[in-house]
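Peer 1: The following block contains the structure, expressed as structure tokens.
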Amino acid sequence: KGHERPLTFLKYNRDGDLLFSCAKDHTPTVWYASNGDRLGTYRGHNGALWSCDVSCHSTRLITGSADQTAKLWDVQTGRELFTFRFVAPARSVDFAIGDHLAVITTDSFMGKTPTAQVKRIAEDLQDQTEESALVISGITGRINRAVWGPGNRTIITAGEDATIRIWDSETGKLLKESDKEAGHQKAISSLSKSLDWSHFLTGSLDKSAKLWDARTLTLIKTYVTELPVNAVDMSPTLDNVVIGGGQDAMNVTMTDRRAGKFEAKFFHKILQEEIGGVKGHFGPINALAFNPDGKRLFHITFFSSGGEDGYVRLHHFDPEYFNIKM
């Protein structure tokens with residue numbers, strides 16, 4: 001337990017030895033992935049944290065917050081390096097390959113429409129500016145996730161309007177949209193890329209997760225569950241995906257933890273069959289993340305009992321439990 005409010009997002013560094021967590025308590029936190037000990041916190045935000053990303057060499061962290069800022073941090077010292085200021089809450093952040101660019105989304109606020117903005121990330125902080133290299137607009141509804149596509153050539157967005165879009169990252173031109181019949185029917189809550197960026201997984205409140213080709217936006221697979229999906233991730237080493245969610249905490253009594261279906265479910269990536277799950281959560285699962293080694297899985301749960309408490313849970317993934325060969 002390291003957060004005082006519900007958790008919202010998780011991100012491993014590339015080496016898999018550090019885990020970064022975001023929550024509504026304003027304070028990004030970094031943990032040792034091996035044993036779950038807290039290494040440190042990053043203090044400076046004044047609003048809920050919605051997402052984060054860490055640079056390739058684990059030197060810089062970027063965070064997006066409801067306080068209408070995105071911040072760059074020194075991972076090792078916790079020092080705030082730079083602040084990008086917006087006229088609306090900053091939600092999704094994602095470094096491009098090479099860490100010289102970042103895409104940041106802003107919510108609709110006070111008449112302002114949602115945007116996805118590309119910022120140049122300078123090696124020398126004295127050269128860092130708030131200027132946007134590209135602004136993508138015209139989307140109806142909040143953009144819950146925006147990530148870079150293969151080779152930094154595209155930007156993929158998804159959110160409240162249930163539509164996935166692929167944009168040219170240089171011109172901002174819309175290249176592709178997901179099919180309305182084959183695609184999600186309700187808000188897309190989460191998006192996770194494969195390690196090679198060739199495909200990605202989306203989770204939706206329509207109680208499904210879908211696997212897509214990152215270049216053609218072709219629907220590859222669909223995983224159907226009984227609960228609204230808040231979080232998804234793919235194993236980097238095995239053919240399986242994990243899905244988590246559950247109904248709103250306010251609609252669930254604390255007397256029976258089965259009522260809200262707070263369970264992380266594993267599906268075979270190819271066969272689309274449910275192969276297992278982790279039960280026992282007392283509230284919706286807001287974030288999931290596989291360690292890059294594929295053997296550890298972090299679950300984020302929170303429960304409401306008067307106040308709201310945030311927990312980070314580390315589970316050792318045992319392939320033998322699912323009769324899976326490594």
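Placed from the backbone N, Cα and C atoms, the Cβ positions cover glycine too.
As the structure is a computational prediction, the values presented were derived from the model and not from experiment.
According to TrEMBL:
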- 1-41: repeat 'WD' (REPEAT)
- 42-83: repeat 'WD' (REPEAT)
- 136-177: repeat 'WD' (REPEAT)
- 181-222: repeat 'WD' (REPEAT)
Peer 1: Near the repeat 'WD' (136-177), which residues from the same chain, at least 6 beyond its ends, have a CB less than 8 A from one of its CBs?
Peer 2: 51, 91-92, 94-98, 101, 103-105, 107-108, 113-118, 183-191, 193, 197-198, 200, 202, 204, 206, 212, 214-217
Peer 1: Go through the chain and flag residues at least 6 beyond the ends of the repeat 'WD' (181-222) whose CB is under 8 A from any CB in it; none is fine as an answer.
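Peer 2: Residues packing against the repeat 'WD' (181-222) from afar: 141, 144-145, 147-151, 154, 156, 158-164, 166, 228-234, 236, 241, 243, 245, 267, 269-270, 272, 292.
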Peer 1: Take the repeat 'WD' (1-41) and average the pLDDT across it for me.
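Peer 2: PLDDT averaged over the stretch: 90.
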